Each structure stands twice: as C-alpha cells, then as structure tokens.
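Take a look at the structure below.
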Amino acid sequence: RESDHRAWTPVSCTVTRQNATVQGLTEGKAYFFRIAAENIIGMGPFTETTKEIFIRDPITVPDRPEDLEVKAVTKNSVTLTWNPPKYNGGSDITMYVLESRLIGKEKFHRVTKEKMLDRKYTVEGLKEGDTYEYRVSACNIVGQGKPSFCTKPITCKDEIAPPSLDLDFRDKLIVRVGEAFSLTGRYSGKPAPKVTWLKDDIVVKEDDRTKIKTTPTTLCLGILKSVREDSGKYCVTVENSTGSRKGFCQVNVVDRPSPPVGPVIFDEVHKDHMIVSWKPPLDDGGSEITNYIIEKKDAHRDLWMPVTSATVKTTCKIPKLLEGKEYQIRIYAENLYGISDPLISDEMKAKDRFRVPDAPEQPIIKDVTKDSAVVVWNKPYDGGKPITNYIVEKKETMATRWVRVTKDPIFPSTQFKVPDLLEGCQYEFRVSAENEIGIGDPSPPSKPIFARDPIAKPSPPINPEAVDKTKNSVDLSWQPPRHDGNGKIIGYLVEYQKVGDEEWKKANLTADSCPETKYKVTGLTEGLTYKFRVKAVNAAGESEPAYVPDPVEVKDRLEPPELILDANMAREQHVKAGDTLRLSAVIKGVPFPKVSWKKEDHEVSPKADIEVTGVGSKLEIRNTVHEDGGIYSLTVENPAGSKTVSVKVVVLDKPGPPRNLQISEVRSDSCYLTWMEPEDDGGSVITNYVVERKDVASAQWVTISSSSKKRSHMAKYLIEGTQYVFRVAAENQFGRGPYVETLKPIKAIDPLHPPGPPKNLHHVDVDKTEVSLVWNRPDRDGGAEITGYLVEYQEDGADEWTKFQTVPMLDCVVTGL
C-alpha cells in the first residue's frame, strides 16, 4: 500500500519462492509491503515491513563535470566555468570541489570550500607568472565523483587584446518621430573595454526614453518614442589600456513640418483676388519642404476651398473672390513625412476701395515708472492696405493738446515704451494706425496714469553675518536686498533672540535709525548665545527677514594684530619738500591694537599729525623739509601679539650749499674757482652748479656759468685791478640750493715776483775812498714797477756783504771805502 493510503493492494498470490518482484510502482512515492504464507488449509498471518520504502533508482556518485573552461586570466586571478556531469548519480549535486596544482608539484590542493553551485569561480590572490592546472569534481549525497579532465597549464598574466568593434548600424539612420530606434553592436578586448556613448560630443545619459545596455560582448543604445531633438551625430567609443575604437551614426529624426510662421501678410487686396505672403516654418521636420497647401474660405462659412497645393514659394495669389465678402486664408507646409498644422490668417474683405486704417481699440498702459510707460494696443483693420506705422500720442490729463511721443516709425510691434515722462504728472495716451492711404482715426484715450515707480515690499537683505563681537555686543553686516520694490530703502530693522526663547527682540525701534548695511547690537549678556535677523524697510513695508546662519556666543574675540599696508607704506617713500607726507595702513585685531609711530627708534616730530581710527592709522607731516626724512616704523600691539612695519622716507629737496670754495691762479683777467659737493644733495642727483660774480662796488650779481657739472670753473674776462667776490650754488631737479660766497674779495692783478738782476754792472770811476758804479735795468720787473736798487759791497776775502744804500737811479757812488 502507498504510505499515505490505508488500503492494501495484492501484488501476487502464486509466489512459491521466498522473493518477488513488485511491478507498476510510481517513482518517488513511499510504500509499505506485507507477506503471508498459504497452504491447502488456508492463509496464515501477514508480516509487514517496519518502515516505508521510497521508490527510486539506485544512487551512485556523480559522473565527472564537463567542459571545464578558463574564461579570464589576469596577473593574480583565474576565472573558470564548467557544465554539470551528464549523470548526477541519481541524487542532486550538493557542491563542486575545485582543485589546483602548481606545475612542478605533484599534489592537487582544494581551492575553496564554497559550494559553487553556479558553476563559476574566480581564483584570486595568485602570484604573477606562476602556472597552474585545474580540475573540478561533483558531489551528491553519496559522495565525491571523479574529477573532470584537467585544464591546460595556465600562467597568471594580464591578457591584452586591443578593442574590436562590430556595429550593426550604418553611417546614417532616418527615424520617424515617435518611433523607437536602437544602435547595437558587438565588441571585445582585454582588459574589458569601457563603453561610452556620445551625442554631438556630449555624454548620453539614461532617462525615461533613453536606455543603454552593455554586456561583456554586446552594446546597445535604445531610444523610445523619438523626438526631433534626438537627431544628431552619435558616437560609441570602446576603450581599454591598449587603445580605442569608435563608431559613428548620423541619426535624423524626421517629422512633418511645424506650421508656417505668421502672420499672413496681405500684400495686395482687390475685389476679385488677393496676394498673400508668409514665412517658412521654423522647423522643416528634418526634411526639405516640398510644397505649401493654400486654402481659402468665406469668413462666415465653414467650407475651406483649395487654392493650390503645388508651390514652394512663400507667396501666393488667391483668385476668384467675390467683392465685399470677407475671407480667411490657411496655409499648410508639407514635406516627405507629412503635412503641418495650418497657419490661419485674419479676416480680410475683398474690395478695391482702400481707406485709412480703423481706429485701434482703447490702449492699455502697463509697466509704469516715474519717467516711462508701456502703451499696448490691438491691431485694427488696416483699410485694405498693410499698416506701415503706428502713431502714439500723449497729453497731460488737464491739458488739451496731444503730442507725438516719437518721430520714429513704430511697426510691426503693437506696443511702445513712452520715455521722458515727468514724475508725478498724470497722462493719457492714444494710438492711430497709418497705411499708404493715410492716417486713421485715433483710438479712445487710455485710462489716466500717474508717472511714478510702483512700490512693493523689498526682498530680504542678502548674506547677513556676524563680523565682530565683544563680551556685550555683536557687530552685524549684510548686503542690500536684490530688489528694493521700486521704493527707496528707508533702513533696516535688526532683531535678536536668545537661543531657547521664542520671542524676538528689536535691537532698533525704527528703520531710519539703521540706514547703513551694518549695525552694532549692544546690551547683550556675556556667555549667552543669540540668533539674529534683519529686515529691509521701504515705504511699502518690511521685507521678509534674513537670518544670520549660525547662533553667536557673546564673548570677547582675541585676534593678533594684522597690518594691511597702503601704497604709501612701500619699502621706500619719496616726497617732495614742502609737500605733505602721508603714511597709512589698515589695522586689524581684537581687541583693537595699541598703535605707536617711531622715527629712527625715537618719537616722531611734534609737527606730525597722527590719527588712529577703528580701522587703521595715518601719519601726516605738512610742509616737509629735508630733516623729515628717515626710517619711520609703525608698531601695533594687543594681548595676542604685535607687528611692526618700517618705511624709508626720502624728502626730495634743493641741495645744500657747496663746501670749501677756493680761489687760485688769480690773474689780471681771470681766476680759478674750485669747491666740493654739498653735504646734502636733497635726495636727488646734482644736475649742475651755478657760478656768479659781483664787483664789490656793484649791487648786481652776474652769472658766469649755469650748466657746469664739474666742481671747478675758470672765471674769465675780469677787469684788471677790479675787486671781485664770487658765489656758487648747486642745482638738482627740485631747484637751486643756497649760495656759498668767497670770504673776502680778490683783486684782478697778475701775481708779483722779485725783479730780475740788474744788467751790465760796472764802475766808471775810482778814487781812494770811493767808486762810481753804473748798471742797466733788469730784463723783468716781477710784475710791478721797480722802486729802487739795493747797493752792497764786500771786502775781498770776506764772507759778509755790507749794505750801502738803496738808490732810485741806475748809478751810485759808494763812499767810505
């Protein structure tokens, strides 16, 4: 009997052996069996199997797995796949055992304890260059079967193959709008290439309509329900470390054209025909316009009549019209892929009697400001001839005279911005249309408007932030709102809130008390944390608040001093004498540093004005003199540190007086002057010296040289016997310095020398006690008149000469001998 049934079924009643074969059992079901012995008297009791027996084929270990293949090899891994054995031994495969053997070794080693029922495994962590062979066995409930045949020896190294690309699409593809299209192909390469899709050089991204599918060997870009914007040049790039391959396809998504561009212009209107024109569609649907279809209809009927369907021009004659009836024209554009929606014209009456355009309807005024307004109107009937111009006029409400707002033509726009209005005045406007016949009647006047800017509440201030703080205050700063609502910003309201409280408190009660984009909130409690917000206010009211991003803890800030030097604090500062010296720097630091100015490590001159503000310091010396030059230093110091900067100041002035003026080589008509350069050149190179002379009897100085660069000069053209004084001054680019004079006058005379010896001395008479001598004048008088001759005598053999007397003439009688 089956294990889940209670009824027994006889199998045989004629068995005489002690065994029997039971046929007709169902595989997979469980059965109980019982046996009874029988003789001629009757049947004995049954003996029953103790447990149910499942009907199935005998179970063995599985066959060997098949098709063990190497799918990928890198320098440190091998990927293997295999197929199941042809026969699983009668029981499901429970796991696979993968073994490897390093070439050169004898034994196989199990690679992993994973069950690998997906029949794929990547062996990792291998050593580059090693060679292995692999085999795999299948296991079932009975045990492990025979191993598969071994793989060929596999050496661990990166496989390299340049990309290859086989595309299923051509260079060009035309697709109808709404249809799907796909670009597919196959590729290969090792290492596995990267696949990139581009459209017009921009990377294609997936969305609801765009799908990209890439497998290890195939690639596909699909687009559902294509639109015109899908047109473009598509490029697929397959790239790995060995190179890249590209494929291109120019996709053109085509559609019927968009409608022709209006308005339909009635170039000519007659009693029996009209000539109309229009502009081509903005989008030809990706295919050239093959023709336009033009139809007409009576404006009061619903029946459209064909005019032509075979023209590529954008102008057409509409024939066979009835005089006095109004017509509408509609125009379709057609290409290979369909017909566009129509462009429908305004109504136009067929008549020859042209007239001036009708009066436009009452114009509407918008966008009013203090000096301008925009006038908007609808196009009136043009009287049969196209409107060529609109005339816009204005007048103040209380005035009677209308004035044209511009002499320039206004067409085809049906609005105009009127400039040059007077703020606060009330205006009305009207519009007339003009065609080649003339100017039509003006429209009714617009509603009166006042010329003034509309005012709305401003937008919030921008980027409020806490820029500084002390133990009881916080300095806030922000930028003006992006929009002032066309009203002047009166000021700002600043509010603060202690963290944890719900109430916002006003830091200032009125907006005009904070006109600037900064405010110092005072009276705060040290150590507490506050939030801050700012509102902008104009005549229309308060803006939405702008919040300081983070709460601020109220406490003193400590920042070391910082000096930001102005241009006048460069390494060296030149200033012209008499001008004003200004040295300044921006100073930062919390608390604000103590500022001290020094010159050459001493206090600066009392004439210097020193100003210290909350953001910097300035030193100013008016009417500078040369002595104001030197090294100036600025030192700033607070508890967090100190900083010093120095600047060399050069006061550019006229030079000082030359030194050591000497006069030599005095002659009757010249003398030679020498001097040394001034001790102080005024900070600029000496360009030249000025030399002057003066007759002591004269009050007038005469310049004898003004361009000499040398420190000497030959004064010529003196008058002999005249006494002169000289003076010299140095000049640089800033002027002439003081003169230095000679200490005493000099006389223009040649220098004096002793006269030469008298010539031809001889005696003319001799007596016993006296001798008469005569001689001639000497050759040279030494530069001065000879005043006398000294006569001396000497006894023969003596050493000393004895003076006799000085005589004025060229003879003498020596007596007393």
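From the backbone N, Cα and C atoms, a Cβ is placed for every residue, glycine too.
Automatic prediction, not curation, is the source of TrEMBL annotations.
Quick look at what TrEMBL lists:
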DOMAIN    1-58  domain 'Fibronectin type-III'
DOMAIN    64-159  domain 'Fibronectin type-III'
DOMAIN    163-252  domain 'Ig-like'
DOMAIN    259-353  domain 'Fibronectin type-III'
DOMAIN    359-454  domain 'Fibronectin type-III'
DOMAIN    460-557  domain 'Fibronectin type-III'
DOMAIN    561-646  domain 'Ig-like'
DOMAIN    657-751  domain 'Fibronectin type-III'
DOMAIN    757-817  domain 'Fibronectin type-III'
Listed stretch, out of 259-353, 359-454, 657-751, 757-817, that has the most CB pairs under 8 angstroms to the domain 'Ig-like' (163-252): 259-353
Range from 1-58, 259-353, 359-454, 757-817 with most C-beta pairs under 8 A to the domain 'Fibronectin type-III' (657-751): 757-817
For the domain 'Ig-like' (561-646), the mean pLDDT of the predicted model: 88
Per-state residue totals over the domain 'Fibronectin type-III' (359-454) - DSSP helix, strand, coil: 0 helix, 33 strand, 63 coil
DSSP-derived helix, strand and coil totals, residue by residue, for the domain 'Fibronectin type-III' (64-159): 0 helix, 47 strand, 49 coil
Secondary structure content of the domain 'Fibronectin type-III' (460-557), with strand meaning DSSP E or B: 3 helix, 44 strand, 51 coil
